[in-house]
Amino acid sequence: MHSDRDSETTFDEDSQPNDEVMPYSDDETEDELESPLPAVEPEQNRINREAEESREPVKKDCSWQVKANDRNFHEQPQFKKTTFLCFKKSKYAGNAIKTYKYNAITFLPLNLLEQFKRVANFYFLVLLILQTIPQITTLSWYTTLVPLLLVLGITAIKDLVDDIARHRMDNEINNRTCDVIRDGRFKTAKWKDIQVGDVIRLEKNAFVPADILLLSSSEPNSLCYVETAELDGETNLKFKMSLEVTDRYLQEENAMAEFDGFIECEEPNNRLDKFTGTLFWRSRTYPLDADKILLRGCKIRNTDFCHGVVIFAGGDTKIMKNSGKTRFKRTKIDSLMNYMVYTIFVVLILLSAGLAIGHTYWEQQIGNTSWYLYDGEDYSPPYRGFLNFWGYIIVLNTMVPISLYVSVEVIRLGQSYFINWDLQMYYPEKDTPAKARTTTLNEQLGQIHYIFSDKTGTLTQNIMAFKKCCINGQTYGKYIRTQEQPNWQVDFSWNMYADGKLAFCDHYLIEQIRCGKETEVRQFFFLLAICHTVMVDASDGQLNYQAASPDEGALVTAARNFGFAFLSRTQNTITISEMGIERTYDVLAILDFNSDRKRMSVIVREPDGNIKLYCKGADTVIYERLHPMNPQRQITQEALDIFANETLRTLCLCYKDISHGEYEAWNKKFMEASVAASNRDEALDNVYEEIEKNLILLGATAIEDKLQDGVPETISKLAKADIKIWVLTGDKKETAENIGFSCELLTDETTICYGEDISALLQTRLENQNNKAESNINSSQRTNEPFFQSGRNRALIITGSWLNEILLEKKKKKKKLLKLKFPKTAEEKEKQIQSKRRADANKEQQQRNFVDLACECSAVICCRVTPKQKAMVVELVKKYKKAITLAIGDGANDVNMIKTAHIGVGISGQEGMQAVMSSDYSFGQFRYLQRLLLVHGRWSYIRMCKFLRYFFYKNFAFTLVHFWYSFFNGYSAQTAYEDWFITLYNVLYSSLPVLLVGLLDQDVSDKLSLRFPGLYISGQQDLLFNYKKFFVSLIHGIITSLIIFFIPYGAYLQTMGQDGEAPSDYQSFAVTAASSLIVAVNFQMGLDTSYWTFVNAFSIFGSIALYFGIMFDLHSAGIHVLFPSSFQFTGQCFVLYSCVLPQMHSFSRSKCHTSKSENTRNHKETAL
């Protein structure tokens, strides 16, 4: 048993995790991890393989077919799909887009249907229907209709305004024009009329109308510069390049019209950075990738015109595929508020049922024996009780507040604007204000327990500067502050291409370059100048580089300053100035960089005919591919360690001489992989691996990425607010650790634990827990046992490889061919199921233990982690700690983490806008996070809690007066207030003060909130709004309602006016109770207000004044004369009802029925 468990929880026991190696790719599948085929294939497996090969071939990845200039091709039957019943349409979408939800006919029904999907709205609709039934209602229908219409109307107007804006945008986009080949010529056509296969022409500054294959352009070698701001928010220009064959033959209009190329490519998808396809033309095949595709939403820049063929149109374009619904996030208060509304609903049902039972008993004892209460209906007491149950559901419905959700949204919207308007979170250097990209999470900002932060560009500036390098074992560069020692800075004035911005402190390196004795030194910078994907824009005699990443831009700029300036490139060549001498090199192949390869290579043919491969990449991948005879290997590794300890970012540079025969053999494989119909990326990676080996190490670069301003202070304040910060980065362990010290996340007093330290501890804990479980010993307290002794400050630094090992996420290598495919017996299946259950249970327990251990540390740094691992760590903390999490990052690799956390924050940095576009909040610098949480988050939480407590209180105080009144009216569902007061109470009389408190209230100023971060802890512990606070509001409302009812009751009980008549009529009592309620709840709001402004004071006293003004009008004799049917209460009050309050139970029931028929009312008036 013990050995079985060990075998289930251990992977590759002969190998230990490597701290320097990035874990497997996020997209890697288990099939990619298979072991090599055995030398001898078992017979049974051979039979199974042959059977599988005899089946139909697997569907190709490239199943999307496009024929240029042939619309009829796409209308063929095989391209039709069934939409409804027997109706079919082409699978190729038209180019017209539709983002709106409604039209003039469907708006009202669809919008109402959408709104009534909300439980609260549907509940009040049911109440409105019940109020139309005379037998059960004692309230006029408008008491529910007016608030319901107000709520529905506000939401409908908002939806209508949004949808009108969508209509206008759709019309504006669909009616844009471009030139399309029609009848052999370019003719102007609207975007909505473009179809797949059309050949189009775009001019400078025009938007791309669809996803198109670039055929040619006005630029040399058919380069095309595009701006992708609408796709990913990035404003720096990117370049696209057409195939050489289309550039050569497709420049003239008649050639475009005759173009009949056939394209096979991937189906429409949302991957913006990937494309796989093949062009078949003139009996040859040409590989297509993302560099040859212009996506819809891009803008043509610095290019007079370009031509392309439409591949994806309309809803099939990548930008439209990315416009799907995002993950909906809800706050903790939202969930709690919903549960409280459900609690109120249960209380409402119980109260109504109890009062209905009371009415049944009262009818049996009193109602049936009182002849003057006969209403002409011979209903039995139980049936009358049943009717009264629904009557009380209507009367007490205000316990479930209809305006609660609308009020909450108004408050959140206002709080979002306050964040947007905060000038102290404005970053002037980049003109970047803070932006609340959602309005539903503001109060959750005041409850954060854990922050998960990226490093590069989030804690650091992501503005790279070349500081040091190691060439042929010699280290160059010094850390000198140029302000203190200006003479240390190198003078680059000898170089005509130097930009004058590089601050490098080592004159000896310049001497080595200029004298030319060390060939490795010049080759080092030549490699930096030739191995990259940077584009250059030469304008006004200046070289402006457009780089895909700050690292690459810094390296090419460094080479430029040291005498090796990149000047231009074409499809097959690159031109470099080498110490003032221009040379052009043939580029034979570019082996692209990606997150899996962690390297980039370029194969070039030098002017003398020699072929070389130049490669740069992470040290972990470069060292695995070096030639065994590299004399500078160890010295360079020591330099890399020194660079990492100085928090510098490092890359290794290497090269390789390639013979012509080796290149020809490799190029043949490369071309085959380039046009592979399936698994093209994998095929290319395998071909790249064949050539990128036995490399010669040149040296390493070291780039500085400084901390942002205010990072240490921000982390210190957040720590004092009991917020734990975890750093998740792909950098080396040494670099991440030193950044931890730089930003004061780690201190000299911190005891650091590493992956290897905690692995054995967690394994021992897991074995002990399993032993207890096997011995049937209760181990429920095991999770409460601390891993470390208290009193010491600890931090955890763990790499991605150790993270996979500890969390049992390391993928097992499958040996598929060694598994005989015989049918399994029931016993074997059961054993397999049990084994899987044990493995899953061990995995879950191990993950729980890891989270418990990590949370005992004051700081956690996860390095060498992939984007998927970042999201996994966030998800584990959410799952096992039930804590509110926040993720902050600036790059595309942080998007998964940002979407996984409860709140995602994006920083507008150097890596584009993908993180910002996926975030809930964004700003320009990490230091603004403290103000977002400690000021805006805390204020929002306090305001929302105070709003909810008061909102529930005022509704309880208002509604429960009906409950006390029921004991004096025979439980007849008669209301204690008149109808118009019930209608306007939540709309006019008590809404504004609580809304303003929810928007403006402050317990302390923003300066004190930042000065005393400990004030934030109340939100983390849910101290201001929970079920306890809810029941306190309930009890407060009960007490208020008791006072409001019984004090007027006692005052009017035995009262005699000067004229000898009792003034204790129904109207006087109702108005007195209502007036007391309005004064009480508004003054209570005043007492709960911490931050008084003129607006608050005006809202409180204005609400009271508004009440008395409206009540004076509603209870005047004039309004009864004008509207006798709507205001009969006023006309009858002094004439019909002059009975004292002890007799209320006799006449209130008859009053209840007077509104049902005129004849019955006359009968009761005679009886009284």
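Note that Cβ sites are derived from N, Cα and C of the backbone, with glycine treated the same way.
The compositional bias 'Acidic residues' feature in TrEMBL is assigned to 25-34.
Annotation comment: TrEMBL describes 43-60 as compositional bias 'Basic and acidic residues'.
Residues annotated as domain 'P-type ATPase A' in TrEMBL: 174-236.
Taken from TrEMBL, the feature ATP binding site applies to Asp454, Lys455, Thr456, Glu552, Phe593, Lys616, Arg649, Thr729, Gly730, Asp731, Arg864, Lys870, Asn893, Asp894. Every protein chain considered, the tally of other Cβ atoms within 10 Å of the Cβ of Asp894 (Mg(2+) binding site) stands at 31.
Its Cβ placed at the centre, Asp890 (Mg(2+) binding site) has 32 other Cβ atoms within 10 Å. As annotated by TrEMBL, Mg(2+) binding site applies to Asp454, Thr456, Asp890, Asp894.
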Original post:
Are any of Asp454, Phe593, Gly730 (the binding-site residues) within 10 Å of Asp894 (Mg(2+) binding site) when you go C-alpha to C-alpha, and if so which?
Top reply: Asp454
**OP:** Do me a favour and check the Cα-Cα span between Phe593 (ATP binding site) and Asp890 (Mg(2+) binding site); whole Å is fine.
**Re:** 20
Original post:
Including all protein chains shown, what's the count of other C-beta atoms within 10 A of the C-beta of Arg649 (ATP binding site)?
Top reply: 22
Original post:
Per-residue pLDDT averaged over the domain 'P-type ATPase A' (174-236) comes to what?
Top reply: 86
Original post:
10 Å Cβ neighbour count around Arg864 (ATP binding site)?
Top reply: 26
Original post:
Taking just the CA atoms, what is the gap between Asp890 (Mg(2+) binding site) and Asp454 (ATP binding site) in Å?
Top reply: 8
Original post:
When the number of other CB atoms within 10 A of each residue's CB is tallied over all shown chains, which of the binding-site residues Asp454, Gly730 has the maximum?
Top reply: Asp454
Original post:
For the domain 'P-type ATPase A' (174-236), what are the DSSP-based totals of helix, strand and coil residues?
Top reply: 11 helix, 30 strand, 22 coil
**OP:** Note down the number of other Cβ atoms within 10 Å of the Cβ of Thr456 (ATP binding site), including every protein chain shown.
**Re:** 26
